[in-house]
């Protein structure tokens, strides 16, 4: 290359450098402009305290109360009365209940297969002699066939139960648990489908859809005469709860500023926890399970007013580029908001298009070939992102192990949470008192994690709380069922610890996965938690029939296993979040290993570098 060419080359380089510097300055100015977006500034100002914030807070507080009530109506609506097989022939002959039982009943689900028409003609005394003579050779059968179903002892329940109406006992007892399972399954489906849809169609759209589903199906379920119709309506009610709750909480989180976001989130959870208290009061006055269902559903008609006034999340509108709509929402409460001129906005959009075009020209041939598929995948929405995130997790052994521990811990928490609430029959305790205590003890459990995490790491706090819960439940093995005060106290303290552990573990899960798969890990963990709530009623009915301490012992064993599993996870307190898999599994970030169980409780948030030298692979240095 000659000197002239070299000079031209130097000039070109200098020119390109000056252009790059000018471009950098312009980009920095644009970044400053974006940071000073007047709409975002107005939203942040309203989020620190305004009529806009308090309106959203009010509209998001009531739906969780309905969800909490419906999640706890099962123990009151599905009470199991004392029952035996009914023998229609003897009842028609005016035999007393005691006489029928002495002749026919083996247990609450079986009778001796006599010719009851013959016995009805003999009279009781003669039939008693006949029964004694033929008892050994007479077969035993389940209720059904010649008899008239079941006889339910009057006064053995506080009110007329759905169990009596649909004979949900003996061979059909799983249908009783299915009434609660349908609600939990609906929540799972709603979270999986409508929770994702709110990112695409907007928070308000899913909020309104959820309210419409609730006010349409929940009250109707109080009056349908068919069991399977009730189950279907119960499923749809569960879907409605997920739709309303997820969209409402997201809207509240996006509207609230730093000053109010944390305590408003806690208050939102307390709404759900207050559900058992309201249900106890309603059930105390009700004489039929249908009255409970109606009383916990019909007030939901008030939510129809909410959907007219609940605004769309301005932050979501801004993320979708719908600035005019966001501005209209904000100006109702903030007043006029002055934005950049239209010409300036057009210039910015044109520049962005030029930048995108230049980036596209800089792509390699292979990248250009792959870009349409990538674009299509991106337009597939959050579901594709979830699937992509799961592939990322389970293609790396370290993340897969963390996911398995997370799934087990979340499911254990949810299963035990609902099993302890539904286990009131096996505890032989007053239903109303137990329901009130469930709500009263759960509300403080949402406040405990914050102070605990000031002094302890996520791993130690989660493991200790799971461990205390499991130990208390296993201690019930040595307690007589008649020691009601001790049984209830141990159960409530265990549930308190479990709720606190659950709150901490949600945070913990979000920290030991990288950004690229964090949402997928949380979403699938939440799905497994719903599976736990689906299984809970069947566990309580099945093991409770075998032994009153069966459900609590099983859940206590799972809680202890979860406590041990937590100790194998790496501590995340005070360390920065990782964005990529490579960053998360890099040496020194920690790994799943029981050799890490005795690492320090965590570094102070102000000094996370090198807070422990004891396990180089277990802690972040």
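Using the three backbone atoms N, Cα and C, a Cβ is placed for every residue, glycine included.
Database features (TrEMBL):
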- 26-37: compositional bias 'Acidic residues' (COMPBIAS)
- 372-381: compositional bias 'Polar residues' (COMPBIAS)
- 101-574: domain 'Major facilitator superfamily (MFS) profile' (DOMAIN)
- 1-40: region 'Disordered' (REGION)
- 338-384: region 'Disordered' (REGION)
- 51-69: transmembrane segment (TRANSMEM)
- 205-224: transmembrane segment (TRANSMEM)
- 230-252: transmembrane segment (TRANSMEM)
- 264-286: transmembrane segment (TRANSMEM)
- 292-310: transmembrane segment (TRANSMEM)
- 399-420: transmembrane segment (TRANSMEM)
- 432-456: transmembrane segment (TRANSMEM)
- 463-480: transmembrane segment (TRANSMEM)
- 486-508: transmembrane segment (TRANSMEM)
- 520-540: transmembrane segment (TRANSMEM)
- 546-569: transmembrane segment (TRANSMEM)
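A mean pLDDT of 83 is what the model gives for the domain 'Major facilitator superfamily (MFS) profile' (101-574). At the 8 Å Cβ cutoff, the transmembrane segment (230-252) and the transmembrane segment (51-69) share at least 3 close pairs (sequence separation 6 or more) and count as touching. Comparing 292-310, 399-420, 432-456 for CB pairs under 8 angstroms to the transmembrane segment (546-569), the maximum falls on 399-420. Touching of the transmembrane segment (292-310) and the transmembrane segment (264-286) is concluded from the presence of at least three CB pairs under 8 A, sequence neighbours closer than 6 excluded. Sequence-distant neighbours of the transmembrane segment (432-456) (same chain, 6+ residues past either end, Cβ-Cβ under 8 Å): 68, 72, 75-76, 262, 266, 269-270, 273-277, 279-280, 283-284, 421, 424, 464, 488, 492-493, 495-497, 499-500, 503-504, 507, 573, 601-602. For the transmembrane segment (51-69), same-chain residues at least 6 beyond its ends with a Cβ under 8 Å from one of its own Cβ atoms are 210-211, 214, 218, 241, 244-245, 248-249, 251-252, 255-257, 260, 264, 267-269, 271-276, 278-279, 282, 296-297, 299-300, 302-303, 306, 309-311, 330, 332-334, 439.
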